[in-house]
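*Asks:* From TrEMBL, for reference:
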TRANSMEM  6-22  transmembrane segment
TRANSMEM  42-60  transmembrane segment
TRANSMEM  66-88  transmembrane segment
TRANSMEM  100-120  transmembrane segment
TRANSMEM  126-147  transmembrane segment
TRANSMEM  159-181  transmembrane segment
TRANSMEM  187-208  transmembrane segment
REGION    238-298  region 'Disordered'
COMPBIAS  240-249  compositional bias 'Basic and acidic residues'
COMPBIAS  275-284  compositional bias 'Low complexity'
COMPBIAS  285-298  compositional bias 'Basic and acidic residues'
Amino acid sequence: MANFSFILGIIGNVISILMFAAPIKTFKRIIKKKSTEDFKGIPYITTLLSTSLWTFYGLLKPGGLLVVTVNGTGAILHIVYVTLFLIYATKTLKIQSIKLVAIIDIAFLGAVIAITLLAVHGNTRLTLVGLLAAGLNVVMYASPLSATRTVIKMKSVEYMPFFLSFFQFLNGGVWAAYAVLVKDYYIGVPNGIGFLLGSAQLILYFIYYKSTPTKSIDEKEEKEGSAHLVRTGIQMNDLDGAHENDKNNRNLHKGKSLPKPSLSRQYSEKLVKTLSISSSSLGSHNEDDIEKGLKEAH
C-alpha cells in the first residue's frame, strides 16, 4: 500500500503540474493581444497563495517531499502568471489585482509563516497550516467558477479555460485517493471537494460549448481589417496607374502640337501688324501728293 500510495503521489504530481501549466495557453493569448480581455485574475492570485501554503505544509510534514515538489513548481508558475496579468490588465483591474496580491499573497502568507514559526510549536504547526491550506485549496478549486456569470451571460465558454477545469477535476480525484491511502485529511477533504467542483465546471463547459462562436469578434475584425487594407492598397495602385497614364497622355499631346501663344502675346502681334499697315498706307499717300505738285509746277 505504501508503494501504491507513492506511485499515486507521482501520478498526482504529474497531473498537478499539467494543471498548473494549463494557463500557459491563456497567457499566450493575453501576450499576443496585449490585453487580459475578460479573463479573471482571482484564480491565479488565490492559487499562488494555496500552492505557497502547501509548499510550507510539505516542509513541516515528515515525508512531505511530494507535496513540496509539486506545489513549489505551481507557486513559481503562478508568480509568472500573476506578473503577466498585472502587466496587461487595464488600469482599474491592475489596481484591484495589486491590492489583492499585497493582501493575500504577501501580507497574509507572511503573517501565517511568521506566526507558525514564532508562536506555534509541535504538531500544532502542522494542524494550523494544514487547515489553512485545506481551506484555500477549496477556494483554488472554486476560483474558476468566478467566470460562471460571464459564461452564462455570454452563453460562451471563451473565457473559461477548459484544460484548467479538466486538470482540476483529475487533480482533485487523484489527490483525494492519495489522501485516503496515507490517511491525510488535510489533503483528502479539499481535494475531494475540488473533484466535485471540477465536475461542475466541466458540466457547465459542455452545456455552453456548442453556443460558443468558433471565432472571436476580435479575430474577425482583425481579418476584416486586413482585407480592408488589401482593398485600399489595390485602389491606391489603380489611382496611381490612372494618374500615370493621364500624365503620359498629356506629355504625348504636348509633343504633337505646339503651344499656343498667350492672349497678351497675340494682342501685341495684332497691334504691330496694324501699325505696320497704317504706316505703309500713310507713306504711299504722301508720295502721290508730291508727284502731283511737281507736275502742276511744270
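Note: Cβ is positioned from N, Cα and C throughout, glycine not excepted.
Tell me about the setting of these features in this model.
*Replies:* Under 8 Å from some Cβ of the transmembrane segment (6-22) lie the Cβ atoms of residues 47, 51, 66, 69-71, 73-74, 77-78, 161, 163-164, 166-168, 170-171, 174-175, 177-178, 181, all in the same chain and six or more residues away from its ends.
Counting same-chain residues at least six beyond the ends of the transmembrane segment (66-88), those with a Cβ under 8 angstroms from any Cβ of the stretch are 6, 9-10, 12-13, 16-17, 19-21, 23, 27, 30-31, 34-36, 39, 41, 44-45, 47-48, 51-52, 54-55, 57-59, 94, 97-98, 101, 105, 187.
Cβ atoms under 8 Å from those of the transmembrane segment (126-147) belong to residues 39-40, 42-43, 46-47, 49-50, 53-54, 56-57, 60-61, 112, 115-116, 120, 159-161, 164-165, 168, 172, 186-187, 189-191, 193-194, 197-198, 200-201 of the same chain, restricted to positions at least 6 beyond its ends.
Using a Cβ-Cβ cut-off under 8 Å and counting only residues 6 or more beyond its ends in the same chain, the transmembrane segment (187-208) has close neighbours at 67, 133-135, 137-138, 140-142, 144-145, 148, 151-152, 155-157, 160, 162, 165-166, 168-173, 175-176, 178-180.
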